[in-house]
Amino acid sequence: MLKVNNIDVFYGNIHALKDVSIEVNESEIVTLIGANGAGKSTLLKTLSGLLKPKSGTISYLSQQINGKQAQAIVKSGISHVPEGRRVFSNMTVEENLELGAYLRKDRDGIKKDIANVYDLFPILGERRKQQSGTLSGGEQQMLAMGRALMAKPKLLLLDEPSMGLAPLIVKQIFEIIQMVNQQGTTVLLVEQNANMALSIADRAYVIETGKIVLSGTAKELQESEQVKAAYLGAL
Amino acid sequence: MEWIQQLVNGISVGSIYALIALGYTMVYGIIKLINFAHGDVFMLGAFIGFFAITRWDVGFLPALIISMVLCAIIGVIIERVAYKRLRSATRIAALITAIGVSFLIEYTMIFFRGPGLETYPEVLPNTSIDVFGVSVSSKSILILIVTIILMILLQFIVHKTKIGKAMRAVSLDADAARLMGINVDNTISATFAIGSALAGAAGVIFGAYYTRIEPLMGVLPGLKAFIAAVLGGIGNIPGAMVGGLVLGVVETVVSAFGFSLWRDAAAFIILILILILKPSGLFGKNTREKV
Ligand SMILES: Nc1ncnc2c1ncn2[C@@H]1O[C@H](COP(=O)(O)OP(=O)(O)OP(=O)(O)O)[C@@H](O)[C@H]1O
Ligand SMILES: [Mg+2]
């Protein structure tokens with residue numbers, strides 16, 4: 001479904017992604033794990049069109065999407081839940097969800113999908129008229145995910161959904177990721193919480209200082225000594 | 001009971017400040033630029049209205065609408081030509097550019113038609129209306145009504161329409177807005193269009209009310225509208241409305257007390273006070289949002 005071939009991404013002189021290639025197949029959960037500053041968010045931003053690769057190609061559903069504008073990429077079915085939630089703080093929960101459906105024109109469908117998001121995350125339904133900046137961290141993460149789902153993505157990019165959340169909430173969020181995946185959305189999940197991520201993923205990549213250093217099925221990586229030492233040790 | 005008339009005068013001039021201040025505040029909200037050329041769009045609006053009335057023989061309302069449409073286009077051109085390429089430049093570079101655009105508009109106008117005054121024809125009925133036993137000029141009332149309608153329209157656009165929601169989203173977080181599929185460039189242009197249309201409306205209202213217009217007429221009201229925007233909390237739309245009205249009333253009260261020479265100084269004293277006491281403005285939020 002998604003094929004990233006040998007991309008290089010720079011911030012000015014900083015070479016943030018070096019010859020990175022990954023692949024995501026339809027209906028998989030693929031996770032990308034790595035330490036702070038490894039380049040995980042950079043890869044997701046490049047996939048969603050916020051950054052442009054200097055070289056290499058990205059093909060999605062057999063179309064080349066590198067260099068396309070973010071809005072065209074959203075339209076083609078890729079939604080990105082950014083690191084740190086990035087909800088529109090001065091807008092209500094419901095307005096945030098409406099913005100998630102910005103490119104859609106089917107009013108009735110949008111209404112129905114807002115109701116679906118409230119089914120998925122009942123707390124959001126209770127808070128629908130609340131300014132989203134006043135939600136708790138976990139609620140903001142749910143809103144960011146709900147907002148991304150409003151675009152009806154085929155591929156969902158999640159950047160550290162567990163960041164700063166209590167274990168119970170993390171568990172809840174990961175269950176919802178699995179549920180969304182079972183309903184037919186392919187997921188690329190960036191995480192530092194390697195244990196959790198590997199437990200729900202089909203396949204995984206490990207990134208270190210801008211390079212993919214390891215890849216395989218989630219099971220293989222869970223058992224790999226290298227991964228255990230670097231990412232699973234403390235947990 | 002001359003006081004009532006003074007208050008109405010204050011609200012009239014204040015509503016002109018408010019209309020201009022809205023453009024300042026909206027543009028600042030979305031690209032963090034103090035668009036110093038905004039007062040000159042107000043001036044162009046006044047002249048466009050004047051031309052429409054004298055050459056095409058139209059009434060006040062059509063002149064207002066023509067001016068709003070043309071100013072919207074002018075605003076978008078200014079943004080696309082001068083500011084767009086400076087999005088990632090330093091703020092000071094953009095600010096200097098804005099001052100440059102301001103001079104360019106003023107002196108192009110003077111170059112083509114000279115610096116002289118123009119006198120607006122009487123386009124509004126000028127009678128006295130009895131309000132609670134006090135006579136108030138019908139002009140003031142009409143201006144107030146037009147301003148209120150425009151503000152309601154703006155509130156509707158910003159809160160209820162798709163483009164309005166996109167404008168708010170971009171001003172809160174441009175990258176997150178991109179991820180929703182919002183076209184940020186078009187949204188910024190729309191903001192300039194709306195802000196400039198309001199400045200154009202203010203120009204025609206100013207002409208109809210004060211009758212005298214000239215190429216440098218945008219400088220002082222532009223500055224005062226900027227102060228009004230800061231007073232209300234720059235980036236805050238209701239704040240700009242209130243800031244404009246407060247400033248207009250304060251100025252009129254200062255004049256009414258016999259300190260008319262202090263009229264303009266009053267605005268700048270307010271600016272200094274607000275910057276010292278509450279830099280975020282009356283309606284500004286001091287709190288940072290959660291990340
Ligand atoms: N806007 C930027 N300008 C310059 N350098 C940047 C920028 N954003 C990221 N970088 C650098 O690029 C590298 C990769 O950053 P990135 O945000 O992709 O890491 P990450 O793997 O997501 O880390 P984290 O787990 O902390 O979120 C880092 O060295 C970072 O300093
Ligand atoms: Mg990151």
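Placed from the backbone N, Cα and C atoms, the Cβ positions cover glycine too.
As recorded in TrEMBL, the features of this protein are as follows:
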type	residues	note
TRANSMEM	B:6-26	transmembrane segment
TRANSMEM	B:59-78	transmembrane segment
TRANSMEM	B:90-112	transmembrane segment
TRANSMEM	B:132-158	transmembrane segment
TRANSMEM	B:188-210	transmembrane segment
TRANSMEM	B:265-284	transmembrane segment
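Sequence-distant contacts of the transmembrane segment (B:90-112) (same chain, at least 6 residues past either end, Cβ-Cβ under 8 Å): 31-37, 39-41, 43-44, 47, 78, 82-83, 215-216, 218-219, 222. Within its own chain, the transmembrane segment (B:6-26) is flanked in space by residues 34-35, 38-39, 41-42, 75, 136-137, 139-141, 143-144, 147, 150-151, 154, 167, 191, 194-196, 198-199, 201-202, 205-206, 209, 221-222, 224-226, 228-229, 232, 234-237, 239-253, 256, which lie at least six positions past its ends and keep a Cβ under 8 Å from the stretch.
Counting residues 6+ beyond its ends, the transmembrane segment (B:59-78) has Cβ neighbours under 8 Å at 23, 37, 41, 44-46, 48-49, 52-53, 101, 123-124, 146, 189, 192-201, 203-205, 208 in the same chain.
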